[in-house]
Amino acid sequence: MTSYLIRNAQLLGGPAQDILITDGVISEIGTGLSASADVDIDAHGLIALPGLVDLHTHLREPGREDAETVLTGTQAAAKGGYTAVHAMANTFPVADTAGVVEQVWRLGQASGYCDVQPVGAVTVGLEGKKLAELGAMHDSAAGVRVFSDDGKCVDDAVIMRRALEYVKAFDGVVAQHAQEPRLTEGAQMNEGQVSGELGLGGWPAVAEEAIIARDVLLAAHVGSRLHVCHVSTAGSVEIIRWAKGKGWDVTAEVTPHHLLLTDELVRSYDPVYKVNPPLRTAEDVQALRAALADGTIDAVATDHAPHPAEDKDCEWAAAAMGMVGLETALSVVQQAMVDTGLLTWEGVADRMSHRPARIGRLSGHGRPVSVGEPANLVLFDPAYRGSVNPDSFASRSRNTPYRGLDLPGRVHATFLRGVPTVLAGELVELGELA
Amino acid sequence: MKRHLVSAADLSRDDALLILDTAEELAQLSGRAVKKLPTLRGRTVVNLFFEDSTRTKTSFEVAEKRLSADVINFAAKGSSVSKGESLKDTALTLQAMGADAVVIRHHASGAPARLAQSDWLHGSVINAGDGTHEHPTQALLDALTMRRHLNPGLGNDLNGRRITIVGDVLHSRVARSNVLLLQTLGAQVTCVAPPTLLPVGIGSWPCEVSYDLDASLAKTDALMMLRVQRERMNAAFFPTEREYSRRYGMNGQRMAKLPEHAIVMHPGPMVRGMEITAEVADSPRCTAVEQVANGVSTRMAVLYLLLGGAVFNDGPSDAPRTETSEAAQ
């Protein structure tokens, strides 16, 4: 197996050092290492972060391979610095059986760019009526630990309770898409001043907050792990903070776009800003940033939602919800959290690698960059400045709100168990390495 | 305002007065034996209606024909749109056919804005009502009607006039455009509705808000009733039609509380007995029919000014400004 010597990488909380990777493991770290390696990489000015872990990715395969495949999605993940992603269950067919989650898992294995951990549906067909075979999905080769009907809310309180109770048997977690359905009928954007002016159906903050409030009480009642997907409002933050204060096992994630963008952008009626949950107000953005900084929100998760051009190149009402995010996440987090002084790079590693790996129970990821650890790491250049060019994305879809925007930073290299998936900012052809 | 008319917010005060004055000039045409001008001869205007409409569509069509435009009516029902064609492909088709202007009515808020901002077609886009967003030509014809009654004369605005808009503001594109335009013209606007039918954030709109119709009547110069759509009546926005009518319906008693000069307006179609009693609807103070007539001349003015070579104040000046009097020649 090829060995790599990364010279002068900035380690978290310490000086620049050299990192030697042999046999997929970080074998040595030190200053001025004299060890020889097959490949030397000059990492001067680059930060060495643990490989990122995404709790919330839509890979679209099976069923919508025109939008994304496991291969293109994991390539996009690698370009974004990720070494593991959780693939959401709203595929066609839905990932609600052992067979489908194994299929996705095996496609991830075959891609080689990133570990793919399938998320199992909570209910059959995401219909919210009957529990899916949660145990069979856990017992499958995919070893599912995270269950979610994401895209839809498990709004029936009894079904939600049962799911929370049931997954305790195998240390699972239910990741809830918190959206009260009746309060969001016809909703197309955040309910507020802008929706009133634009005449677009409003998605009120209380529709998210009411479900989160119910679910943290349910989780506490049955003693289970609850994870809240893509928190988007200041009120939700307060409820999660309260639940954590009680000592309940509640975790939460926020997307990069909810840390940076507001509903004012919808004034353009450009569907690239149409996302669920919707972009909220500047006050919500500030509350989310503060919550991520103080740990109330545990993780940044991309909610990478690829859509083909025709699903976005239309009028607002007809457009699909969602935006791609894997390839820009770290840059957005740098802009929203690091460059604003709210989070250190150690904090970024915690929120984008260590904690999401713990929530998903991924033992091989989210580890520190230390000797003896699997060589899952990313070299990131925080000084890089450049405008976002979606045409260079590895993702099959281009629905990014950042087209042409100057975002800081760039992933220089990503290693998955000692194999570079990205070098000099470009995807590595894995077949060539072999 | 430049090439398009998508929102009443696109109009400066001067733009709006230019349209109203032009409409006054063009209105004289309706009294002539030959109600036609050659102004838009050779220009193609497409009426692109994704939503059923009789009044607005007919009004635009009459306006276009009186200006001698070539008119194409494109209804979504029974067309390629019902076979799944996207707005983009429809627009590209119209562009290929050489449309100089597209008058669009769409059930989705923002569809005309999307069309205007895209590079799908090069002609002017005129919003003929989009979802619950805006209906700027309706606001213009309403303003024309108000000016005639409250401050007649070319160049006059509605400064200081008090306008009360009553009913389903939440779902009303007419209300949104009117609030914006009337404020531009100097009027003081009050929206009156039950709280369930007021948009979130209306507190920041350039208007006052009240839940009490009776309290607003004595200080109203023009009372604009809004249509309550049938589907709202069973969606918990208010308990019963009867209660709505009792609290927000216009009747003879309430009309008597209005100042003598005040007018009662309605964009139509009216739900008699609920929104408005027959006594009010048929009274000389009700301008509903007059509004329809003003709609034609207002839309002629908009088409003339957008396509006839004149440009509004802050638009690109690629053609000499046409005097409004030419329009009546």
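Just so you know, glycine gets a Cβ as well, placed from its N, Cα and C.
Quantities reported herein were computed from a predicted structural model and do not represent experimental measurements.
Binding of Zn(2+) 1 is attributed by TrEMBL to A:H56, A:H58, A:D303, and the same site annotation extends, among A:D149, A:D150, A:D391, to A:D150.
According to TrEMBL, A:D150, A:H230 bind Zn(2+) 2; the candidate from A:H86, A:H177, A:H257 that the record adds to this site is A:H177. All protein chains shown were included, and the count of other CB atoms within 10 Å of the CB of A:R60 (substrate binding site) stands at 27.
A:H307 (substrate binding site) counts 27 other C-beta atoms within 10 Å of its own C-beta, drawing on all protein chains shown.
The recorded positions near A:H58 (Zn(2+) 1 binding site), taking a 10 angstroms Cα-Cα threshold over the set A:N90, A:H177, A:H230, A:N276, A:D303, are A:N90, A:D303. In the three-state DSSP scheme, A:H56 (Zn(2+) 1 binding site) is classed as strand.
Ranking the recorded positions A:N90, A:H177, A:H230, A:D303, A:H307 by the distance of their Cα atoms from the Cα of A:H56 (Zn(2+) 1 binding site) places A:D303 first. Comparing A:D303 (active site) with A:H230 (Zn(2+) 2 binding site), their Cα atoms are 7 Å apart once rounded. Nearest Cα neighbour of A:H177 (Zn(2+) 2 binding site) among the listed binding-site residues (A:R60, A:N90, A:N276, A:H307): A:N276. Measuring Cα to Cα from A:D150 (Zn(2+) 1 binding site), none of the binding-site residues A:L59, A:R60, A:H307 fall within 10 Å. Apart from A:D150, A:H177, A:H230, the residues listed for Zn(2+) 2, the same chain places the Cβ atoms of A:H56, A:M88, A:S148, A:G151, A:A175, A:Q176, A:A178, A:Q179, A:C229, A:N276, A:P277, A:D303 within 8 Å of the centroid of those Cβ atoms.
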